[in-house]
Amino acid sequence: MLFKSLLLLSVYAVTCYGQSKVPVYVYYESLCPDSARFINEQLYPVAKELKKNLELHLVPFGKSSYTTQGSDVMFTCHHGENECYGNKVHACAIQHIQGNSYQPNISKEDLTLDYVNCLMHRAQLKDGAFPTKRCADEVKIDQWQAIMDCANSTEGSQLLKQHGDVTNKLQSPLKSVPTVAFKQTYDDELQKLSVSSFRHALCKNLSPQPVECLDLPSTGSAISSLGMIVTVVAVLISRLL
């Protein structure tokens, strides 16, 4: 009975220490090479691995700007008109992607990140039209037509304007793209760390930290506490065997 209790305590300790979640806002542009590199090589793999510890908010606007004339919204984008359209596709995807019965174990958030990752990769190849449908086919989402209709309508403009307002609330204009803000607060040192090693930046902001952060240097007292708990429980269990 004591053995089972100690084993459950060990599992409980590890589980509890892996449940912290931090809001992360990523401000990016649909045709920005630096944004694509960051999302494809850093954000995507880390967010997939640590999704239980990450509340991800994607904000596709970057250094764009907008003006309004009545109900019309006109955008000027860092990489030209095509990027304005691409930003609208991203904004519409974030709004319209839903989970589906064909992928019951994949959430709306998972599908959205998969789709955005594909869009950023494919758009950099510059091999034709913006990859709205191609990525929808690859990721297996059903809402590509709704995304297309949205991007080509006032809905897309309004959604992109909302992302612009979120961006301008952080910085107007952004100092650099992509920008990563934890808890929607800009920190210059965290920004530098995020773009060089997003995993380190995320783990630094998790308290207590999950086991996925154990292999990183300077993991802090939270990891030491977790290691101590698990070690003590392991020793107690070994003495009972």
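Each position is counted from 1, following the chain as shown.
For all residues, glycine too, the Cβ spot is worked out from N, Cα and C.
Feature annotation from Swiss-Prot assigns N-linked glycosylation site to Asn105, Asn152. Taken from Swiss-Prot, the feature signal peptide covers 1-18. Residues or ranges marked as transmembrane segment in Swiss-Prot (evidence: sequence analysis): 218-235.
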Most crowded position, judged by CB atoms within 10 A, among Asn105, Asn152 as glycosylation sites: Asn152
Rounded Cα separation (Å) that holds between Asn105 (N-linked glycosylation site) and Asn152 (N-linked glycosylation site): 31
